[in-house]
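According to TrEMBL, the features are:
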type    : residues                  : note
BINDING : 10, 11, 12, 166, 199, 304 : UDP-N-acetyl-alpha-D-glucosamine binding site
DOMAIN  : 3-143                     : domain 'Glycosyltransferase family 28 N-terminal'
DOMAIN  : 192-362                   : domain 'Glycosyl transferase family 28 C-terminal'
């Protein structure tokens, strides 16, 4: 059984593919399963290697929402990508392709349609992305993450499954005591605020946290994931801003968190501050933690604001839009959550109700069923 995985550009596209691949390995005998990830780059080669996924190169071009000469040059990249994908798929001829959307999926989707290779799409966001919209008519199965999306898609092939999360994030083996030790947290009585900037980092969210250190550190321990690009800059800023040496141990910075570290961090977090990427929301919900979502502005991303409010409407989160993101507002929201037990419990319960721990298994089951018919 040959299964190709496509979709990338961010961790929100990539990591759910890894989660589904993990589920496939539990449902298909090892000798019968071949998986490949196809795209312009491997995104995270170590994760592909860990799960046993072969990388296949295929170029792709972005279509930006603003006027740019790069839109013209990237159109040729996409056309070349279709040609490359056609021959790569023709050579391997997979039984089914799972697309998570994103610009990297477009050439593969188009080539698959020409070759009549079955496609399954999964949409993590609260609004269908353009790549998945392109594939929806041809797709054999459409998996969505929000129930309202069922209204506008073909009922006979669409299912509400939730957002796949890696096994290590869903059910890590790290105990609470080991998690505190992992991050060097000695005062376990102080509430922990976990800040997630996403796989690529979030400069404005990082700056918000730097501006908030003097008001938050006297009350909370801050575990801050900055993104690899911003790690050195944020570390330097924190050294300058934390004047009281007694508070230095309360600020723990990591530029990246592995699946095991993410699970451990979420286990000990009392509140999570995060961008509103679909993957982050899924992992927050699985751990049942109240959250404050700071979505990327609508002018930059058409997904995160919709994701944030769709999730907040369940009662699981507060939304703090970036234009209103000031340290005093953030501090007030945190105080409200951590000083009001009723609110905290209600948000935690709403988060757990949103979570779909078996999402990866459901998508894997659909892939296997379609592959067997091909």
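Heads up, the Cβ atoms here are built off N, Cα and C, so glycines get one too.
Where the annotation comes from TrEMBL, it is an automatic prediction and has not been curated.
Projection of TrEMBL feature records onto the structure.
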residue: 10; record: UDP-N-acetyl-alpha-D-glucosamine binding site; Cβ within 10 Å: 19
residue: 11; record: UDP-N-acetyl-alpha-D-glucosamine binding site; Cβ within 10 Å: 19
residue: 12; record: UDP-N-acetyl-alpha-D-glucosamine binding site; Cβ within 10 Å: 29
residue: 166; record: UDP-N-acetyl-alpha-D-glucosamine binding site; Cβ within 10 Å: 28
residue: 304; record: UDP-N-acetyl-alpha-D-glucosamine binding site; Cβ within 10 Å: 26
**Request:** Can you see whether DSSP assigns residue 12 (UDP-N-acetyl-alpha-D-glucosamine binding site) to helix, strand or coil?
**Result:** helix
**Item:** For the domain 'Glycosyl transferase family 28 C-terminal' (192-362), mean pLDDT (0 to 100)
**Value:** 93
**Complete:** What DSSP reports for the domain 'Glycosyltransferase family 28 N-terminal' (3-143) is 71 helix, 26 strand, 44 coil
